[in-house]
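S.K.: Submitted below is the structure of interest, expressed as structure tokens.
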Amino acid sequence: MPKRTDIKSILILGAGPIVIGQACEFDYSGAQACKALREEGYRVILVNSNPATIMTDPEMADATYIEPIHWEVVRKIIEKERPDAVLPTMGGQTALNCALELERQGVLEEFGVTMIGATADAIDKAEDRRRFDIAMKKIGLDTARSGIAHTMEEALAVAADVGFPCIIRPSFTMGGTGGGIAYNREEFEEICERGLDLSPTNELLIDESLIGWKEYEMEVVRDKNDNCIIVCSIENFDAMGIHTGDSITVAPAQTLTDKEYQIMRNASMAVLREIGVETGGSNVQFAVNPKNGRLIVIEMNPRVSRSSALASKATGFPIAKVAAKLAVGYTLDELMNDITGGRTPASFEPSIDYVVTKIPRFNFEKFAGANDRLTTQMKSVGEVMAIGRTQQESLQKALRGLEVGATGFDPKVSLDDPEALTKIRRELKDAGADRIWYIADAFRAGLSVDGVFNLTNIDRWFLVQIEELVRLEEKVTEVGITGLNADFLRQLKRKGFADARLAKLAGVREGEIRKLRDQYDLHPVYKRVDTCAAEFATDTAYMYSTYEDECEANPSVDRDKIMVLGGGPNRIGQGIEFDYCCVHASLALREDGYETIMVNCNPETVSTDYDTSDRLYFEPVTLEDVLEIVRIEKPKGVIVQYGGQTPLKLARALEAAGVPVIGTSPDAIDRAEDRERFQHAVDRLKLKQPANATVTAIEQAVEKAKEIGYPLVVRPSYVLGGRAMEIVYDEADLRRYFQTAVSVSNDAPVLLDRFLDDAVEVDVDAICDGEMVLIGGIMEHIEQAGVHSGDSACSLPAYTLSQEIQDVMRQQVQKLAFELQVRGLMNVQFAVKDNEVYLIEVNPRAARTVPFVSKATGVPLAKVAARVMAGKSLTEQGVTQEIIPPYYSVKEVVLPFNKFPGVDPLLGPEMRSTGEVMGVGRTFAEAFAKAQLGSNSTMKKQGRALLSVREGDKERVVDLAAKLLKQGFELDATHGTAIVLGEAGINPRLVNKVHEGRPHIQDRIKNGEYTYIINTTAGRRAIEDSRVIRRSALQYKVHYDTTLNGGFATTMALNADATEKVTSVQEMHAQIKKS
């Protein structure tokens, strides 16, 4: 059946901001869907509130709306654009929930819009736990014993039937949000209370515990003629009880017999038929009891998912693209496989002759007090994938690609420690983020495979692989570098050992191992991912390294090549924004006739799509792996400034090895990052900085602090995302910081800066080509200095700064760009206090604000800068004017505190946001209101507000209180704040702090008395005391601000209607051209 002709235009729903459980894999699927549908001649309308995505680039769709994914806003878009169909399967849970809401509210019917890709009934049948259970029974498949509850009474009744331990999951949430495992009644009640609150339908599913069972996933694609193919089988290395997003996973499944695999394959196809997924991809999850082989279906997702992104990258089969085409009526046999150049149809099941391992990346160090044990609720923030010819090779490559300081199975405990065994046993039984390394330690400490299995329930086959690697490591330590003959070294490299790991074991430097390999002429070869296990030829250059005989890389010799180094796994502080820049570099240079080479190991991203670049190397971004690729490709230039800290920290070593790093030189990057060298540059330019000092010892710090004056910002040098950065208010605080946090920097000094309280922070993105400086955009932060720039909302153009102040900044940026000899992108941060401009820092690289600025101004900064790096000046490109748009754009961040119940949700100098949204409006207020709606804020227009502010905010709080009263709010205040308001003639109701007797603040929040809370604090003691206010506000879904500026912005936004007007990016950019 060829494509449908009754449909002319299609609305694609995006996934919105990146949160834990829903990351950039949906940018990858959405971007593929846009391409696939436009190829077929459809008009594509896209809505997604996240500006840091490739899919929201103006070229990707015919009309792009960076608007909140909220049914009322989408209704406006449908009314304006009149699409014939809506495709909800590309934007994760957000898009499915929005589509169901549009259906429920009658919007689809009102405007005659058809849902394609999945029906509302199929989505509901897969997501509604009771309907799903009935459907599975109908086709003879087993599901876990379970019950459904809508209240605590019902929940306790189910628990009596299912027994403890049991697993609790709220309906219609993603990444296991709000779920957990309860071992007793107390834990059960706590999880249920939270889960009922978080489920949009107030529904919980309570299951018998399957902890310790083996977990598998099948990625299935089905078309409307009932052709079904399995794209990939995935096995979870970690047993049931750990969310699949937090498990190490392997493809293809390794420990199934052929018979078991066929049973599972047939079952997964039966599931799709019964649920009614007629077109597109789904993932079906199974659990197998290793004791008796009982197979049960856990769940299915009737959409493109995190696993399908992994399956696409693991096999080269573009699930999202195929799903989009099936949704408009094609069948699998009509679609051709790109990778084999159309030699095979898409109805051929991919077969693979390699092993793929995915390992999740965690960021618990950002969340003091978080429970860091892995459960059924997802907590990882990113993932890394590696490809090898054996399980061992692929696992070790993934470990070093993870960038957590490990080059392989580095030990976690010292075996001399008398507590070592106790610690190992505890870590194996109750898994945290590092369990894989503790397994290796267990073998070093003498545990047997059975002993480890009994603690972990990880299949013995995987454990034997790790045990063998540990034994090989012991042998390397024993024979040393002289014992590494050509055969032994080759054997080690085939098992995935990194040079750096072997060097550590042999007690030499990494360079020595590389020298030895050169002597033996021992280098990796590159194999291609071709979907067909080399049965057909492929022209697609999608490669991975391995130590075998035949190399399939076949690099071109006559073309100018540029290599872009990606950012590796997502983590807080280095996310999709950097991937966005890498993709733009590749696209721009391809347009200019260069052959582009991408090196990255993150399976969720657009950069690792096989058609983003001419050649893709799916490899860890480490010195060894990059040098080997450079050796065979011989690029004319390598770009390290776009992937965040990952490639940046390789810059000097690459340069030393003779690699042509283009753009800003590694030395210039060092001049900006090294405090002392930077100081010289600033002094020479006579720019103002906050008083500061660099110290290497605690007593020296105490002395310097007295000179500078408190409060201070303290941090180690060279960090991204503000790791181990804190504001200290007195000497006791400073001493505590040195004792607990400073081990972060290996002999690197610690920086002390005077903290500018109440200053306005400003971010400026710019491009320099050596002759001129282009200002990309000046962003004024809404939260004051002291809140990490990555966690602060910001406005472009600035909404309070005077023209003069902005001009001073423009001049300073220009001076700095020339002084540091920047070629390409740079980002400068300023603080403005009492009309004085202070320079905070300069980053001569792509910053996380680049995508936002590009969307707001219509200038693709990352593309322009990539061309500058390749030698094309700004004048030649015709991009010389700073664009100041005739409307406001506001970026707001999304924070993951709901996943970490123990953590204080106070904003500070340590970055913790996972994603961002953008709001656009004619006024600042309208733009801010849209950004709030897009970030799922629960702000109400009226009600009762609670004010509790620190000493320094007391004079300004009167103005805020007056604004809230005018808006119709009733006011409550804590003692100190109430006195100040009373003196100004405003009389709030007085409320007790928690230690002042009941009813206190927490009681009132629990009773739902407040619709808005503003709570600002200073000093460790006050922060500890008021933490309960912030946690309760979060728990009971009350909108709260922890800065006064945030409060003023919120009250401004109350008068704007975020759902009234929708504007496409294309219309915005046309307005700029007019003005």
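We count from 1, first residue shown onward.
Glycine residues also receive a Cβ, built from the backbone N, Cα and C atoms like all the rest.
Keep in mind that this is a model prediction, so the values were computed, not measured.
When I checked Swiss-Prot for this same protein, it listed these features:
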- 2-403: region 'Carboxyphosphate synthetic domain' (REGION)
- 133-328: domain 'ATP-grasp 1' (DOMAIN)
- Glu299, Asn301: Mn(2+) 2 binding site (BINDING)
- 404-553: region 'Oligomerization domain' (REGION)
- 554-936: region 'Carbamoyl phosphate synthetic domain' (REGION)
- 679-870: domain 'ATP-grasp 2' (DOMAIN)
- Arg715, Arg754, Leu756, Glu761, Gly786, Val787, His788, Ser789, Gln829, Glu841: ATP 2 binding site (BINDING)
- Glu841, Asn843: Mg(2+) 4 binding site (BINDING)
- 937-1075: domain 'MGS-like' (DOMAIN)
- 937-1075: region 'Allosteric domain' (REGION)
S.K.: Quick one: of Glu299, Asn301, Glu841, Asn843, which binding-site residues lie within 10 angstroms of Gln829 (ATP 2 binding site), measuring between C-alpha atoms? Sequence order, please.
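M.R.: Near Gln829 (ATP 2 binding site), where near means Cα within 10 Å, the binding-site residues are Glu841, Asn843.
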S.K.: For His788 (ATP 2 binding site), which of the three DSSP-derived states applies: helix, strand, or coil?
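M.R.: Assignment for His788 (ATP 2 binding site) reads coil.
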S.K.: Is it possible to get the count of other C-beta atoms within 10 angstroms of the C-beta of Gly786 (ATP 2 binding site)?
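M.R.: Neighbour count, Cβ to Cβ under the 10 Å cut-off: 21.
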S.K.: DSSP on the region 'Allosteric domain' (937-1075): how many residues come out helix, how many strand, how many coil?
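M.R.: Secondary-structure breakdown of the region 'Allosteric domain' (937-1075): 70 helix, 22 strand, 47 coil.
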S.K.: On the 0 to 100 pLDDT scale, where does the region 'Carboxyphosphate synthetic domain' (2-403) sit on average?
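M.R.: Across the residues of the region 'Carboxyphosphate synthetic domain' (2-403) the model's pLDDT averages 94 on the 0 to 100 scale.
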S.K.: Spatially speaking, which of the binding-site residues Arg715, Leu756, Gly786, His788, Asn843 is closest to Asn301 (Mn(2+) 2 binding site)? Use C-alpha to C-alpha, please.
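M.R.: So, of the listed binding-site residues, the one sitting closest to Asn301 (Mn(2+) 2 binding site) is His788.
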S.K.: Out of Glu299, Arg715, Leu756, point to the one nearest Asn843 (Mg(2+) 4 binding site) in space (Cα versus Cα); all of them are binding-site residues in the record.
M.R.: Arg715
S.K.: Look at the binding-site residues Asn301, Gln829, Asn843 and tell me which residue has the greatest number of other C-beta atoms within 10 angstroms of its C-beta.
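M.R.: Of Asn301, Gln829, Asn843, the one with the most crowded Cβ is Asn301.
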S.K.: Measuring Cα to Cα, how many angstrom lie between Glu299 (Mn(2+) 2 binding site) and His788 (ATP 2 binding site)?
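M.R.: Taking the Cα atoms only, Glu299 (Mn(2+) 2 binding site) lies 39 Å from His788 (ATP 2 binding site).
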S.K.: Between Arg715, His788, which of the binding-site residues has the fewest other CB atoms within 10 angstroms in the structure shown?
M.R.: His788
S.K.: To which of the binding-site residues Glu299, Glu841 does the lowest count of other Cβ atoms within 10 Å belong?
M.R.: Glu841
S.K.: Reduced to three states, what secondary structure does DSSP give Asn843 (Mg(2+) 4 binding site)?
M.R.: strand
S.K.: Applying a 10 Å Cβ distance cut-off over all chains shown, what neighbour count does Leu756 (ATP 2 binding site) have?
M.R.: 22
